[in-house]
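**Q** Here you go, one structure.
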Amino acid sequence: MPLSMLRPGETGWIKEIVGGRKAKGKLNDLGFVSGKQVKIYRSSGGPLIVGIGDNRIALGKGMAHKVIVDTEGCEN
Amino acid sequence: MALNKTSRKETEVKIALAGNPNSGKTTLFNELTGSRQHVGNWPGVTVEKKTGHAFYKEYALEVIDLPGTYSLGAYSEDEVVARDFLTAGQYDLVLDIINSANLERNLYFTIQLLEMGVDLVAVLNMADEAEKKGIKINKHKLSQMLGAPVVETVASKGRGIENLLAETIKNRDLTEPALEINYGAEIEDLITEIAKLFMEYDFTNQVNHRWAAVKLIEHDPEAVKLLEREVGSSKAKKIKSLIAERELKAKDDFDNIIIDKKYELINKIITESVKAPAAGQEPENMSDKIDAVVTNKYLGIPIFLVVMWAIFKFTFTLGDPLIGYIETLFEVIGGWAGGLLTGLGASPLVASFITDGIIGGVGSVLVFIPNIFLLFLAIGILEDSGYMSRAAYIMDKVMSKLGLHGKSFIPMVIGFGCNVPGIMATRTLENKRDRIISILINPLMSCSARLPVYVVFAGALFPNHGSTVVFSLYLLGIIMAVVMSGVFNKLLFKGERSHFVMELPPYRFPTAKGVFIHMWEKTGAFLKKAGTIIFSVVVLIWVLANLPLGVEYASANSFIGHFGRFVAPIFKPLGFGSWQAASSLVFGILAKEVVVGTLGVVYAAGETGLRTVLATQFTPLAAYSFMAMVLLYTPCIASLGAIKSETQSWKWTLVTAGYLFVLAWVVAFIIYQGGMLLGLGA
């Protein structure tokens with residue numbers, strides 16, 4: 001499911017990044033790669049705040065749709 | 001990639017600092033070169049490359065600080081600056097600055113540099129933060145795996161700098177082979193074939209050929225351009241179709257494989273050279289706790305407004321008594337100089353030049369040093385703390401209604417200091433449309449040069465509500481910016497929505513050093529401006545106020561009076577149709593502080609203080625209308641210059657100059673005429 005559907009406090013594992021070269025490249029740069037664990041810190045109203053390890057990334061809804069996650073543990 | 005030494009002395013070394021945003025590049029640059037470049041805690045503080053010099057033993061180092069970048073993908077203008085510099089290879093050595101506490105993502109960039117064949121020293125900066133988190137890095141092992149020397153530093157405390165310099169000199173002629181990552185049979189075969197075609201087509205560019213092939217497989221637009229330039233478009237097409245053909249046959253996306261393999265390597269490096277406490281999600285830290293409040297759905301915007309209000313309250317409450325002292329000082333000097341000069345038998349002209357021209361003009365502007373100082377102190381704290389990117393986050397919702405996103409808000413906040421860096425800060429926006437709109441609205445953000453105008457008028461006509469009046473003007477600027485970006489979005493551009501991605505760096509306690517650097521730099525710039533452009537314009541106006549020969553000083557019949565009277569009718573419906581006000585606005589386009597300087601000269605305020613004069617010349621309503629005009633009308637020449645150089649277009653420069661004048665006129669008209677209707681004209 002897309003990352004945008006997770007609720008605050010929930011974690012997921014990135015399965016894949018969909019979308020154009022630019023969006024994908026930008027997400028990859030910031031550490032959004034398959035197999036990574038992400039946690040949602042905020043999702044109400046504006047953009048999401050997503051935690052990858054120690055990093056906190058603000059992610060617009062459009063971008064969050066491009067990140068496909070699994071909520072079950074999945075070791076890639 | 002060492003530079004050709006023949007043309008230079010053996011002791012000259014050129015190094016570049018590269019790395020992720022917030023890895024401490026600029027702090028390290030300042031430590032190395034003794035410069036005072038502005039450091040901040042948000043991605044995009046440095047948007048252009050800066051050069052400094054360092055000396056170590058007999059060596060002279062030229063140090064270049066590049067904008068922070070997450071990769072060589074170069075999605076925004078500031079990243080392009082860094083990428084272009086790195087690929088051009090005009091340096092001896094790169095210092096790749098790595099945030100030790102955030103190794104994985106930082107190494108992603110390191111790996112890309114090494115793959116390109118860049119000779120680098122990996123600088124594990126912020127080593128203290130890594131230590132605090134219990135991260136232990138085996139430097140020897142890491143160095144071995146990267147094939148590059150590794151040095152540890154804590155730039156913020158000046159630790160490890162000597163050692164870094166020594167290592168830099170030691171490795172200045174480093175020539176390591178480029179890093180080769182095994183991308184698996186499918187891609188490796190393709191790379192080999194492309195390399196063969198490179199030979200066949202006589203592709204001789206100095207870039208690493210394997211790297212160029214990988215970039216082509218990734219469909220990197222710059223690599224494609226390079227290929228077309230080198231071998232012509234028909235041969236380039238053959239290579240591109242070979243890649244497309246293989247991609248169709250493959251079961252997985254090549255892009256994905258390449259990225260996965262890079263991260264695989266990084267993970268291997270980390271597993272073998274780093275000992276860290278059990279990975280996974282960290283417990284909620286301090287930054288998260290602060291964010292839970294300041295980014296709250298309901299509290300976010302009110303908190304932002306309170307922060308802004310606090311900044312202005314701080315600037316005014318502390319600044320006001322100081323202004324009073326300085327004003328009195330100038331008045332005393334003015335009166336004393338006038339008396340002395342007359343006593344010495346100086347001609348009245350000389351006495352007038354000193355008291356009316358210099359003290360009345362430049363003095364009226366210099367009075368505001370305390371405000372400028374305090375404003376930049378506050379902005380410095382704001383930038384250093386990490387709140388800046390939170391403000392962008394909070395405003396995303398508002399901005400996205402206008403077709404922009406939150407990141408466009410950062411240049412606006414920078415604009416409160418000065419619009420020139422504000423306009424330059426738009427380089428961090430990936431999307432051209434976002435960038436143009438952000439540039440067009442940036443002058444609406446009330447910069448520090450407008451502050452003296454507000455303070456003098458608010459002091460003269462709103463003595464009890466000064467800070468509220470000024471705060472309302474800042475808000476008016478923001479509201480107009482929001483309205484105009486909505487208008488431009490509708491009028492000028494359709495579709496092409498961009499997406500919001502931005503790192504929220506951990507909060508940091510602002511360092512005194514960082515904040516003071518910012519404050520000194522800006523106050524210094526203000527003084528320099530007062531000594532150069534403001535001084536020159538003031539002298540010019542004083543001359544115009546004395547011509548034609550024999551005219552009564554600064555009377556309606558002087559040149560400046562004639563000029564002002566010619567322009568004044570435009571401003572009459574706005575409540576300030578005097579020739580003095582009109583000429584101050586015209587000359588104010590040279591620099592906004594000049595509005596105050598001009599008024600000081602034409603009202604001969606040297607001995608009485610400008611506030612006293614203004615209180616008799618303006619009604620509060622006219623004064624408010626005038627302040628709104630100064631806020632919104634045509635930006636200063638420096639801003640227009642920045643717009644021209646950032647947009648590379650006269651069209652956008654003229655559009656900005658023109659639309660802002662019309663907007664200012666209309667708003668001031670509504671304020672004044674509306675106020676009159678409501679009976680506020682007294």
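Including glycine, each Cβ sits where the backbone N, Cα and C put it.
Marked as domain 'FeoB-type G' by TrEMBL: B:12-174. Taken from TrEMBL, the feature GTP binding site covers B:19-26, B:44-48, B:65-68, B:125-128. Marked as Mg(2+) binding site by TrEMBL: B:Asn30, B:Thr33, B:Gly34. What TrEMBL records for B:298-316, B:322-346, B:358-382, B:402-424, B:436-462, B:468-488, B:526-545, B:621-640, B:652-672 is transmembrane segment.
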**Q** Other than B:Asn30, B:Thr33, B:Gly34, which residues of the chain come within 8 Å of the Mg(2+) site, judged by Cβ distance to the Cβ centroid of those residues?
**A** B:Phe29, B:Glu31, B:Leu32, B:Ser35, B:Arg36, B:Gln37, B:Gly52, B:Ala54
**Q** Give the nonlocal contacts of the transmembrane segment (B:298-316) in its own chain as ranges (CB under 8 Å, at least six residues past its ends).
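**A** Contacts of the transmembrane segment (B:298-316) (Cβ under 8 Å, skipping residues fewer than 6 from its ends): 371, 374-375, 378-379, 382, 387, 391, 393-395, 398, 451, 455, 466-467, 470-471, 474.
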**Q** At an 8 Å Cβ cut-off, counting only pairs 6 or more apart in sequence, do the transmembrane segment (B:621-640) and the transmembrane segment (B:322-346) clear the bar of 3 or more pairs?
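**A** Between the transmembrane segment (B:621-640) and the transmembrane segment (B:322-346), contact is absent.
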**Q** Which stretch, B:322-346, B:436-462, B:526-545, tops the Cβ pairs under 8 Å count with the transmembrane segment (B:468-488)?
**A** B:436-462
**Q** Of all the binding-site residues given, namely B:Asn30, B:Thr33, B:Gly34, which is spatially nearest to B:Val45 (GTP binding site) at the Cα level?
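**A** Result for B:Val45 (GTP binding site): the nearest of the binding-site residues is B:Asn30.
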**Q** Considering only Cβ pairs under 8 Å, which range in B:322-346, B:358-382, B:402-424 makes the most contacts with the transmembrane segment (B:526-545)?
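**A** Selected stretch: B:358-382, with the most Cβ pairs under 8 Å.
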**Q** For the transmembrane segment (B:436-462), give me same-chain residues lying six or more residues beyond its boundaries with a C-beta closer than 8 angstroms to one of its C-beta atoms, as numbers and ranges.
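**A** Hits for the transmembrane segment (B:436-462): 315-316, 319-320, 323, 364-365, 367-368, 371-372, 375-376, 403-404, 408, 411-413, 415-419, 422-423, 426, 429, 468-470, 473-474, 477-478, 480-481, 484-485, 488-489, 492-493, 522, 526, 591-593, 595-596, 599, 610-612, 614-615, 618-620, 623, 626-627, 630-632, 635-636, 639, 643, 646-647, 652, 655-656, 659-660.
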**Q** Sort the binding-site residues B:Asn30, B:Thr33, B:Gly34 by C-alpha distance from B:Pro67 (GTP binding site) and give me just the closest.
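**A** Checking each of B:Asn30, B:Thr33, B:Gly34 against B:Pro67 (GTP binding site), the shortest Cα distance is to B:Asn30.
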**Q** Once the chains shown are all counted, how many other Cβ atoms turn up within 10 Å of the Cβ of B:Thr33 (Mg(2+) binding site)?
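**A** Result for B:Thr33 (Mg(2+) binding site): 19 neighbouring Cβ atoms inside 10 Å.
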**Q** Can you work out which residues elsewhere in the same chain, 6+ from the ends of the transmembrane segment (B:402-424), have a Cβ less than 8 Å from its Cβ atoms?
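**A** Cβ under 8 Å, 6 or more out: 42, 44, 47-48, 375-376, 379, 382, 388-389, 391-396, 434, 437-439, 441-443, 445-449, 474, 478, 481-482, 485-486, 489, 493, 497-500, 502, 522, 525, 635-636, 638-639, 641-643, 646.
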**Q** Taking the Cβ of B:Gly34 (Mg(2+) binding site) as the reference point, list residues of the same chain whose Cβ is under 8 angstroms away and which are at least six residues distant in sequence.
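**A** For B:Gly34 (Mg(2+) binding site), the qualifying residues are B:Gly52, B:Ala54.
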**Q** Around B:Glu48 (GTP binding site), which residues of its chain at least 6 apart sit with Cβ under 8 Å of its Cβ?
**A** B:Pro67, B:Asp78, B:Val81, B:Met424, B:Arg427
**Q** What does the structure give for the C-alpha distance between B:Asn22 (GTP binding site) and B:Asn30 (Mg(2+) binding site)? Integer Å is fine.
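**A** Taking the Cα atoms only, B:Asn22 (GTP binding site) lies 14 Å from B:Asn30 (Mg(2+) binding site).
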**Q** Would you count the other CB atoms within 10 A of the CB of B:Gly19 (GTP binding site), including those on all shown protein chains?
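**A** Its Cβ shell of radius 10 Å holds 27 other Cβ atoms.
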